[in-house]
Structures are given as structure tokens and as C-alpha cells.
Amino acid sequence: MNPMLIFLVALVFILVLTARLRVHPFISLIAGSVLVGFLAGETEAIIETVTAGMSNIFSQYAITVTSGSIIGVILHKSGATALIARDITKLFKKPILAIGLLGFAFAVPMMCLILAFIIFLPVAKDMSTRYGFPKGLTEVVLALATMASFGLLYPSPGIYAFVNQMGPAEVGVIKVLMIGSVIAIVAMLAGYLYAAKYYGFSISTDHIQNAVNGYTTDEKEIAVFRTASYTPIVVPVVLIVARLFTNVPIIEFVGHESMALLAGAILAMVLFTRSHTSPDIRAWVEKGIRRAGLVLLDICGGGALGAALALAGVGEALGDTLLESSIPALLIPFLIAAAVQTVQGSRMVTLFIASALVIPIMPELALPAEIVLFSMASGTFLISHFNDPYFWILADFAEMETPEVLKTYTIGGAIMGVSSLLLTGAIYMVFY
């Protein structure tokens with residue numbers, strides 16, 4: 001069967017399973033992978049291909065995602081996130097922007113944008129009630145901000161996967177960090193401005209003169225030291241950055257993303273034993289591991305589908321189709337990612353699959369690897385609807401009706417995606 005037809009059938013199949021029948025993404029992705037193998041006539045190779053695609057992803061991200069999840073749960077349960085939230089509000093005195101910055105700052109270290117959203121949602125709701133902001137505004141700003149950083153910043157799993165696949169000779173980590181930071185900040189601000197406009201809120205009024213005095217959390221009730229609250233986040237970031245600027249073997253070892261986040265998880269477990277019991281810490285660690293397991297299953301399913309599509313030659317066929325059209329090269333990775341995102345929902349999984357489709361055609365695109373990466377990453381924002389887990393997380397936890405989620409989260413994400421693509425194009429034209 002024609003590879004493009006296989007791709008379309010697989011997309012529709014997964015869309016029906018996830019959006020219509022509400023089948024778990026992992027089951028849908030594995031079933032879609034097997035279907036691709038059968039349609040491509042690769043029945044003998046498909047099982048090995050699927051398991052290899054899964055194991056490759058698991059081996060790369062198990063430690064990173066699990067450690068980040070453990071850090072997030074411990075910080076939340078210990079009260080550290082409340083302390084950090086108050087500090088940021090005190091620093092900026094702009095509660096709505098501050099809640100966005102919280103989500104932006106924590107989504108990548110926690111290795112889960114949904115986890116960051118859930119952890120800071122009580123803070124967002126408290127701010128909304130205390131300062132009389134429109135219902136839904138702080139929740140939407142928080143959701144869009146976590147999307148911006150997790151979708152565009154290294155070392156979030158999708159960005160890291162592309163960098164790891166290409167290798168340091170093809171894509172520079174420092175370039176990815178610098179370009180990604182600029183694009184992510186602009187995307188976050190675009191989401192912030194859109195949410196404010198939708199809810200009829202003037203950003204000039206996002207200012208609380210005595211924000212810290214108005215905040216309800218008492219430091220005595222938090223019962224953790226400020227040092228303990230920040231250390232599990234700051235140490236991994238410092239180690240990862242230090243590795244980029246040195247060739248010292250020990251720094252290269254501890255600065256690896258897996259080791260750095262593992263160190264952060266261990267520090268969180270040790271530091272909070274001073275204020276909490278060992279059974280509490282163990283329970284939080286177990287909860288973090290369980291949450292990480294769900295994330296890992298989803299991205300392993302994405303790895304399986306990416307491997308199956310590569311086996312069927314979908315990447316080359318899709319690339320040839322787009323390359324033969326009059327579409328500018330910069331738009332091709334963007335549109336491929338948007339097509340995949342439309343079907344399977346998870347941005348992280350989309351980047352895994354889109355990378356498998358785009359990397360084979362990169363020579364024909366003749367674009368720098370960093371530009372290809374952020375074109376793809378921008379495409380993951382374009383279309384988010386009913387098969388996106390985050391869509392329903394926002395609807396349920398923020399108590400929003402479906403039409404409101406479509407008008408805020410879906411359209412806000414599309415605006416962020418277009419903004420990111422335009423900035424990516426501008427960076428390409430100016431600096432390359």
C-alpha cells in the first residue's frame with residue numbers, strides 16, 4: 001500500500017480510538033503501530049520494530065521523566081511550591097503573569113506540563129478569588145505557559161529527543177537553549193495577552209501593590225526551609241548548564257540530564273526528611289513513580305508508532321509529497337507536526353513521531369537543524385482538541401465548559417504556534 005495512504009489510515013484509526021472511543025493513548029498508539037506494519041506488508045518485522053521503538057524511548061527517558069515527577073510531587077506535597085509561588089508573586093507583583101511564570105519555570109524540571117498545571121492550580125484559583133480576576137483567566141494563563149516551556153525548551157523530552165537523535169555534530173545544545181528560550185518566552189507572552197484579551201482583562205491592571213501581604217499562605221505553615229524548596233530544582237539546572245561549558249569527566253557525568261535530575265530527586269528526598277516523616281517521603285516517591293509510568297507509556301507508544309511509520313517509509317513519502325509542492329521548506333516540519341498533533345493529541349508524543357518523519361528529509365529541506373526543530377515544535381501548538389489529554393485536564397480541573405476551552409486553550413495554543421513559527425522564521429532570516 002502507498003505509504004501516504006498508510007499514514008492517513010493510521011491517523012484516522014488513532015483519532016477514532018482516542019477521540020471517539022476514548023481508548024487510552026498507549027493502547028491506541030500501539031494498535032496504530034501494528035496496523036501500520038500490517039498495511040505495509042511488514043508482518044514479520046512489525047513486532048520487533050514496535051518493541052525496539054518502545055525500548056529505545058524508555059532507555060533514554062525513564063530516569064529523566066521519573067526523577068522529574070518525583071521532584072514535582074515532593075515539592076507539591078511538602079508545601080515548597082506554595083513558598084516558591086509566594087516568592088515569585090512578591091518579586092513581580094503581577095499575579096497573573098506570576099502564575100504564568102510559575103508554570104513556565106516548573107513544567108520542564110517536572111518533566112510534565114500537566115503535573116505542573118495541577119500542582120499550581122490551587123495557587124491560580126486562590127489568586128483569582130483573592131484579587132477578583134475573571135473566572136478561568138489564571139487557569140488558562142497557567143495552562144498556556146506550561147505549554148510554552150514544555151513544548152519549546154531543552155531538555156523537555158520532545159526537544160531532547162531530536163537533539164539526541166541528531167547528535168552534537170548536527171545540532172548545538174547551546175543554540176537550542178538560546179533559541180528555544182527566546183521563542184518560548186514570546187510564545188508564553190502571546191498566550192498571556194490572548195487570555196487577557198479573551199476575558200476582557202487589561203494587563204495594565206495586573207498589578208498588586210501589596211501582593212505578598214495579600215497572599216494567604218503563612219511561611220510557618222509551609223514548614224520547609226527556603227533552601228530545601230529551591231535546591232532540587234536549581235541543582236539539576238546548574239549541573240546541566242555546567243556540562244555545556246566544560247570537558248571535565250565528572251561534570252559531564254553528573255551534568256547529564258538523567259543524572260542531574262536523579263540528583264535533584266535524591267536531594268528532595270533527603271532535604272525534606274527534616275520536616276516530614278520517612279513514610280510520607282516514601283509515599284510521595286511512589287506517587288511520583290506512578291505518575292511517571294503513565295507519561296512513559298504514552299511516549300513509548302509514540303516511539304513505537306514513529307518506528308512503525310519509519311519502517312513503512314512514511315517519512316520519505318510525506319517529505320517527497322510536501323517537497324514537490326510549492327510549500328516553503330520552513331513550513332514542512334510545521335505542517336507535519338500539526339498533522340500528527342491533530343490525530344494523537346500529546347505534544348510530547350507528536351515531537352517523537354514528527355522527528356521520525358522529518359529527519360529522513362532534512363537534506364532536501366536544506367535548513368539548519370535548530371530551525372527544523374523549532375518549526376516542528378511550533379506545529380505541535382497549532383491544533384489541540386478533544387484527543388488532547390490537557391484539553392480535558394483544563395476543562396475538569398478549572399471547571400470550564402467545552403466551548404470555553406476551545407475558545408481559550410485551543411485558539412490560544414494556535415496563536416502561540418503561529419507566533420513561534422514566525423519568530424523561528426525571523427531568526428533564520430537574520431542569523432543564518
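Glycine is no exception: its Cβ is also placed from the backbone N, Cα and C atoms.
Automated prediction, rather than curation, is the source of TrEMBL annotations.
On a predicted model such as this, the values are computed, not experimentally measured, just so you know.
Feature annotations, courtesy of TrEMBL:
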- 57-75: transmembrane segment (TRANSMEM)
- 96-120: transmembrane segment (TRANSMEM)
- 140-163: transmembrane segment (TRANSMEM)
- 175-195: transmembrane segment (TRANSMEM)
- 253-273: transmembrane segment (TRANSMEM)
- 294-314: transmembrane segment (TRANSMEM)
- 326-344: transmembrane segment (TRANSMEM)
- 365-386: transmembrane segment (TRANSMEM)
- 406-431: transmembrane segment (TRANSMEM)
Region pair the transmembrane segment (57-75) / the transmembrane segment (406-431), three or more CB pairs under 8 Å: no
Stretch among 96-120, 294-314, 406-431 sharing the most Cβ pairs under 8 Å with the transmembrane segment (175-195): 406-431
Contact between the transmembrane segment (406-431) and the transmembrane segment (294-314) (3 or more Cβ pairs under 8 Å, separation 6+): no
Cβ contacts under 8 Å made by the transmembrane segment (326-344) with residues that lie 6+ beyond its boundaries: 11-12, 14-15, 18, 25, 28-29, 302, 305, 318-319, 350-351, 353-354, 357-358, 361, 365-367, 371-373, 375-380, 382-385, 387, 417, 421, 424-425, 428
Beyond the flanks of the transmembrane segment (140-163) by at least 6 residues, Cβ under 8 Å: 57, 60-61, 64-65, 96-97, 99-108, 111-114, 116-117, 120-121, 124, 171, 173, 176-177, 180-181, 183-185, 187-188, 191-192, 194-196, 198-199, 240, 257, 299, 347-348, 350-352, 355, 359, 369, 373-374, 376-377, 380-381, 390, 394, 398, 408-409, 412-413, 416, 420
Positions on the same chain near the transmembrane segment (294-314), where near means CB under 8 A and six or more residues out: 3-4, 6-7, 10, 14, 25-30, 32-34, 36-37, 39-40, 42, 45-46, 49-54, 56-58, 61-62, 65-66, 69, 111-112, 157, 344, 346, 348-350, 352-353, 355-357, 360
